[in-house]
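Pulled from Swiss-Prot:
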- G113, I133, G134, D135, Y136, V137, L138: S-adenosyl-L-methionine binding site (BINDING)
Amino acid sequence: MWIGVISLFPEMFRAITDYGVTGRAVKKGLLSVQCWNPRDFTHDRHRTVDDRPYGGGPGMLMMVQPLRDAIHAAKAAAGEGAKVIYLSPQGRKLDQQGVCELSVSQKLILVCGRYEGIDERVIQTEIDEEWSIGDYVLSGGELPAMTLIDSISRFVPGVLGDQASAEEDSFVDGLLDCPHYTRPEVLQDMEVPPVLLSGNHAEIRRWRLKQSLGRTWLRRPELLESLALTDEQAKLLTQFRKEHAAQQDHEGCD
């Protein structure tokens, strides 16, 4: 997968290219991240990249010419078929479904805004899609861009040591992930659930599915509203709810 980034702070993306899963993917040649800085496309000695907005108001906007030239340079490097994405609070909110959709693209160009944003005409002429990572304000688009790169790279074949890791992540099937345990078996009087030590893979699968359903019901019940549960899932969720109610009653009596 090839990803181009338009940013005034390209050095921030070393967090993606030099570390962790994405860093290993870059070293293996599975992921390529290239950056273009609009400052490199300015024509004044101060390398100016911001200007005042028409109509007044607080803050500045990114200048059109350096930004457009940087986008055009990235497009030229990408060749045909690159999708240009602007990280924006006004964009579609990123979720796992969106990550899956974007991971199909082999070439992406991510535009990171700064200041109060970018000229609307640049959005109209250069941007294919706008995406947001949530309903809150950040200082720029770099962190959302890194979030996007990290999440979609997990779907690139070979990036993860075990592809099942991506397939079992939270939200992949519309549910939160189940609890996980490693050694020791007992930690401060808290034991690993016996079923995970049983070696019975069918029961382990059922336990994990039940916990995933239950955790979603407890923490993100709205996610269940859009799911058509199978008979097995419905039964397991009912079991979880009964067990949870019994536990609450027991704790209330203590």
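Numbering starts at 1 and runs along the chain as it is shown here.
Every residue, even glycine, has its Cβ placed from backbone N, Cα and C.
It should be emphasised that the depicted structure is a prediction, and the values quoted were computed from it without experimental measurement.
This view paints the features noted in Swiss-Prot onto the structure.
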residue : record                               : Cβ within 10 Å
G113    : S-adenosyl-L-methionine binding site : 25
I133    : S-adenosyl-L-methionine binding site : 20
G134    : S-adenosyl-L-methionine binding site : 11
D135    : S-adenosyl-L-methionine binding site : 7
Y136    : S-adenosyl-L-methionine binding site : 7
V137    : S-adenosyl-L-methionine binding site : 6
L138    : S-adenosyl-L-methionine binding site : 14
Original post:
In Å, how long is the longest CA to CA span across G113, I133, G134, D135, Y136, V137, L138, which the record gives as the S-adenosyl-L-methionine binders?
Top reply: 16
